[in-house]
Amino acid sequence: MATDQSEDVYKDLSSGSQSSGLMERIRTFSPKEVFTWQLARTLAMGQGLAGLICGTAISSQYLASSFHVNTPMMQSFMHYTLLCLTYTTMLLCRTGDGNILQILRKRWWKYLLLGLVDVEANYAVVKAYQYTTLTSVQLLDCFVIPVLMILSWWVLKARYRPVHYVTVCICLIGVGAMVGADLLAGRDQGSTSNILLGDGLVLISASLYAVSNVCQEYTVKNLSRVEFLGMVGLFGTIISTIQMVILERKEITAIQWSWQIGLLFAAYALCMYTLYSCMPIVVKLSSATSVNLSLLTADLFSLFCGVFLFQYSFSWLYLVSLVIILIGFITFNAVPTPTDHTDPATASFPVCEDGYYSYPVAYQNDISKQEVAVRISTEGEGETEEWRNDKEKRRSGRFKEDVGLSTKM
């Protein structure tokens, strides 16, 4: 009976402390602590990535509509080759554990699978447009976010809070407003030859993108950005070359080359190359889930450009959708995502890009806290020892004074 009463008292105290802690956080809320330069930089860089995706969409649209060129594997081959020439070459120039031979000896099969996943994710979403509608692609492509959150929870040990799930739902509502605007504007474009196959390809592509992005986040936060891009460029070039020769020989030979087509191919390749080069930087600042939430605005940027370039009809729902997605993205990044560091896999200290050991940020914070605690405790011990010595001296002095007085008497 006494045990039950003590448990009830403990529950009341814990609930009271939680509610008081919540009220204290609300009372002491400061916008400056939430809307920081870090958040502004993440937002700006995320929208920059969305603009690059918009550039790839516009160049692909011009190639398909104006010049009847549909060669997704050839376009992928070009930007994978640029990545290989840049970052794989950098790995060749390294020494020690960061050298390409050491990386291939230890992890070649992992990067082979990662390159395959990345190439097929790009190919599947482009192929889906031949079988299903634009609306289906825009809606089902959001499937990447819940898959990302599940994989991040499992692989990266991310522990999302309820506010993160709410903000993801807000962003998806913004996507729904965008799709609604497309339907009202009569932009439900695309083929309906095999909707089931097309929708399945979009879901497969979203799942593969999620796997690729989680692997990217783990690699750039625990190994290095150059290693990730160098290995993806190497194996992506090999896989896309094989697939291009098998699947697109006729389409490539049928291209009637001109400077306009060459310029569009170059624009697509440069946009993808810049996207791949900059995305790991944003992922390292935030997370793969956060980056994909910011990329939801890419379709809106494409629609805004299409109003001027392809005479799309404008709807105010596009602006509403943009505001909703940005609000969800800002709220998601304003609340930090806790990480479970008890997993031994997250406790490794690999070599960073400069050749030194790269310790996780949380581990560095723990080390700093321990150093401060040790310093404080050491100083406290020193003060205590000094105080004790001084006390002994005073006692000995008083004893001598007392002895002197007794001898005089």
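Yeah, the Cβs are placed from backbone N, Cα and C, and that goes for glycine too.
What TrEMBL says about this one:
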type     : residues : note
COMPBIAS : 385-403  : compositional bias 'Basic and acidic residues'
REGION   : 377-409  : region 'Disordered'
TRANSMEM : 137-156  : transmembrane segment
TRANSMEM : 163-183  : transmembrane segment
TRANSMEM : 195-214  : transmembrane segment
TRANSMEM : 226-247  : transmembrane segment
TRANSMEM : 259-279  : transmembrane segment
TRANSMEM : 291-310  : transmembrane segment
TRANSMEM : 316-335  : transmembrane segment
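Scored by C-beta pairs under 8 angstroms, the transmembrane segment (291-310) has its highest count with 163-183, from the stretches 137-156, 163-183, 195-214. Just going by CB pairs under 8 A, the stretch in 137-156, 226-247, 316-335 that sits most against the transmembrane segment (163-183) is 316-335.
Under 8 Å from some Cβ of the transmembrane segment (259-279) lie the Cβ atoms of residues 45, 48-49, 52-53, 55-56, 59-60, 62-63, 66-67, 69, 74-76, 78-79, 82-83, 86, 216, 229, 232, 291, all in the same chain and six or more residues away from its ends. For the transmembrane segment (316-335), the list of distant contacts is 34-35, 39, 42-43, 46, 161, 163-164, 166-171, 173-175, 177-178, 180-181, 184, 286, 289-290, 293-294, 296-297, 300, 303-304: same-chain residues at least six beyond its ends, Cβ to Cβ under 8 Å.
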